[in-house]
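Copied over from TrEMBL:
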- 13-34: transmembrane segment (TRANSMEM)
- 46-66: transmembrane segment (TRANSMEM)
- 78-100: transmembrane segment (TRANSMEM)
- 112-130: transmembrane segment (TRANSMEM)
- 150-169: transmembrane segment (TRANSMEM)
- 322-342: transmembrane segment (TRANSMEM)
- 354-377: transmembrane segment (TRANSMEM)
- 389-411: transmembrane segment (TRANSMEM)
- 423-442: transmembrane segment (TRANSMEM)
Amino acid sequence: MSGSNVSSRVIDILSGIVPLMKLISLTVIGLLLAHPKTQLVPRATFRLLSKLVFALFLPCLIFTELGESITLDNIVRWWFIPVNVLLSTVIGSFIGYLVVLVCRPPPEFTRVTIVMTAFGNTGNLLLAIVSSVCHSKNNPFGPGCHSRGVSYVSFAQWVAVILVYTVVYHMMEPPLEYYEVVEGEGEIEEINVGSNDVSRPLLVEAEWPGIEEKETEHCKTPFIARVFNSISSSYSQTSFPEVVDFMGVTGGESSSPRSLQCLAEPRVIRRMRVVAEQTPVKHILQPPTIASLLAIVVGSVPQLKKIVFGYEAPLSFITDSLNIMASAMVPSVMLVLGGMLSEGPRESTLGLRTTIGITVARLLVLPLVGIGIVMSADKLGLISQDPMFKFVLLLQYSTPSAILLGAIASLRGYAVREASALLFWQHVFALLSLTFYIIIFFKLTVDNVQGIP
C-alpha cells in the first residue's frame, strides 16, 4: 500500500516537472544559439523570429483553436476568465503596494514596483505551458486538452492587452517630480529617469516587434502628470505648448466672450480628453488581438463556422495551413526567451531587497492568493467544472511579469534597465516556482478526474 502511494507521488511530481523540462530544453537551445561566446545565431535572427511569432505564428494558433471552440454559449460560460485577469491584476497591485511599503524602493521606482508585481504573462508563456502539458497521450486533462487550454488562454488575451495599453502605459510614465528640464541657450534638454541609455535588449521586442516605430512626441515625457497638475509656468509652456493650449491657459479663454466661456468645455473634461488622446488605443489592435476578435466572431456565427472550420468545410484547407504555421509558435517563443536570457541581467538601481520582494510576491505569494480565489469560485459554482478551465485560471496567478512590460518601459523611457533585470530574474526563478505550483494545480484540478467527456 505504501509502495503504491510512493509511486503515485513520484508520478505526480514527474507530471509537473516533465512539461517544464520540455520548455527548458527549448530555452537552453535558444540560449546556446544566442550566447555571446558562441554567437551561432545573430541577434537580428532572434528579432526576426520574434516578429514572426507576433505577426504570424501566435495569431494562427489563436484563430484556429479559439475559433473552433468558441460558441455563444461558451462566451457566457467563460465569463470568469476575463474577470480573473482583472482580479489578479487588482490583487497584484495591492501586493505590489505592500512590497513598496516593506522593501522601500527608490521613490522614482514606486510605480514600476507595483506594475511588475501586478501584471503577469497571460499570453505566450501560458500557451507554451498548456501546449507542453497536453503534448502527450496520457495527459491528465483527457481528450481535447490542447484545444480547450489554448482557447481558454486566448479568450483572456484581449483583456490583458487592453490593460497594458491603457493602465500600464500611463503608470509607466516618467514621474514628474524626478523628471528634469534643463534650459540653456534657448534649447531644452529633457532627462528621463531610467531612460534607455543602453542598447535596446532583445526582451523589449520579444512581444512587441518594431516598438521604435511606435514612439510619439510625448511618450517619454510626464505629459499627463503635467496636464493634471495644471502647470502653467514659463518652462512648461515652452516644453509643452499643446498642454497649455488644451488647458486654455494661453489667454485664449480669458479673452473670449463670457457667453463662449459658459459654453467652454469644463477643465476636468479637457484633462480627461487629453489623457484619452495620449492613450495608444490603436496599438490594442495588434495581430494577436485581431485574431482573437475574428475567432470570436467566426466561431459565434454557426453559418460562418461551418464554412471555415471542420473537415468538410469549404475553407478547411486554409485553417489546415494556419494550423501548420501555428505549430511553430511554442518552439519559437521558447527559443526567443532563451535568446533573451542569454543577454543576462542588466544593471539595475532598484536594489536587491526590492528585486527579491517583487520576485517573491509575483512567483510565490500571488499564486497562493489565486488558489484561494479559484477554489472559492469553484465551490460557489461560478466556474466551469472542466479541470483545464481551473488549471488555466490558476496559472494566470503564477507566471512571471509580462515581457510586454519591458517594451512599455522602453517606449516610455522609464526604468528600462530595472524592468529588464526584473524580467530576467523572474523568468529564471519561475522555473522552480512553476514546477512546484503545477504539481499543486494538478492535485487541485485533476485529482481523481481524467478529463471531461
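Placed from the backbone N, Cα and C atoms, the Cβ positions cover glycine too.
Given the structure is predicted, the values throughout are model-derived calculations rather than measurements.
Nonlocal intrachain contacts for the transmembrane segment (150-169), taken as residues 6+ away from its ends with a CB within less than 8 angstroms of a stretch CB, comprise 61-62, 65-66, 68-70, 78, 81-82, 84-86, 89, 115, 119, 122-123, 126-127, 130-131, 279-281, 283-284, 286, 288-289, 292-293, 295-296, 388-389, 392, 396, 402, 404-405, 408, 411-412. Panel annotation: around the transmembrane segment (423-442), residues 12-13, 15-17, 19-20, 24, 129, 133, 140, 203, 337, 340-341, 343-346, 355, 358-359, 362-364, 367, 371, 390-391, 394-395, 398-401, 403, 405-406 of the same chain, lying at least six beyond its termini, place a Cβ under 8 Å from a Cβ of the stretch. Contact between the transmembrane segment (322-342) and the transmembrane segment (46-66) is present: at least three CB pairs lie under 8 Å, with pairs separated by 6 or more positions in sequence.
Panel annotation: around the transmembrane segment (112-130), residues 19-20, 23, 53, 58, 61, 85, 88-90, 92-93, 95-97, 99-100, 103, 105, 146, 149-150, 153-154, 156-157, 160, 163-164, 168, 171-172, 207, 288, 329-330, 333-334, 337, 350, 354, 357-358, 361-362, 366, 388, 392, 395-405, 409, 414-415, 418-419, 422, 434, 438 of the same chain, lying at least six beyond its termini, place a Cβ under 8 Å from a Cβ of the stretch.
The stretches the transmembrane segment (78-100) and the transmembrane segment (46-66) are not in mutual contact, being linked by fewer than three Cβ pairs under 8 Å (pairs 6 or more apart in sequence).
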